Amino acid sequence: MLLALGLGSQFASTDVPVTALMEFFPSYAKRRSLLVVITCSVFYLASLPFACPGGIYLFELFQEYTANISLVFIGFFEVISIAYIYGFNRFMNDVEMMLGKRAAQYYLFVTWCITAPILTLVITVSNLLNTAPLKLDAAGGFPAYEFPQWSTTLGWVIFVICIIPIPLVFLINYIREYKRIAKEETGYDFSKKPLFLAALESNNLPAEFWGP
C-alpha cells in the first residue's frame, strides 16, 4: 500500500509541473521525455536537504507554509477563477458537454460560488494573522524544538514562491493581449473602450479553440 501511495504521489507531483510547462511553452511537448528527466532531477536535488539529519525540521517548515497556508490561498484563487472569472454557467456548459447533463448544478453553485470562497478566505486571513515561530514537541527520538525567528521569514519566502506564479502568469498574459490588440487595431478608438480594459477583458476570456 505504501509503495502504491508513494508512486501515485510521485506521478502526480511530476506530471503536474510537466503538463503546465508544456501548455505554457507548446514547443516543449516535442521533448516531453527530456522534460520529465530534467524535472525529476531537479526534484531529486531539491529533496536532498530533507534527507539530512536536520531534515525533519526543514520538512515541518515546508509543511506549515506550503500545505497549511499556500494550498488554501491557491485554492481560494482557483475557486474564484472558475466560479467568477471563467464563469459558473460556462463551467456547467462544459460539464453538460462531457456528461450530457448539468450534474449537481445547485450543489456546485452553493459550494463553489458561496461557501468555498468564504471559507478559504477566512482560513487564509486567519493563517496570515496568527503566524508565529513553529514549535515541535518531543517525538520519535527528536527533542522538543522551537524554530528561530528567522525561520518565519524563510517560511514567508517559501509562501511567496508558491503563490507568485498566479499574478506573474496573469501579468504575462495581460501584456501579451495588450500588445496583440494594440498591434491589430492601429489607431484604436479609445472612445469605444480604453485599451487596457479591452486587454483585461480579452485576457479573462477562454481561448477561441476552447469550449463546447
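Quick reminder: no glycine exception, Cβ is built from N, Cα and C everywhere.
Feature list (source: TrEMBL):
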BINDING   Leu5, Ser9  Na(+) binding site
TRANSMEM  34-59  transmembrane segment
TRANSMEM  65-86  transmembrane segment
TRANSMEM  106-129  transmembrane segment
TRANSMEM  154-175  transmembrane segment
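The highest tally of CB pairs under 8 A with the transmembrane segment (106-129), across 34-59, 65-86, 154-175, is held by 65-86.
Taking all protein chains in view, 10 other C-beta atoms sit within 10 angstroms of the C-beta of Ser9 (Na(+) binding site).
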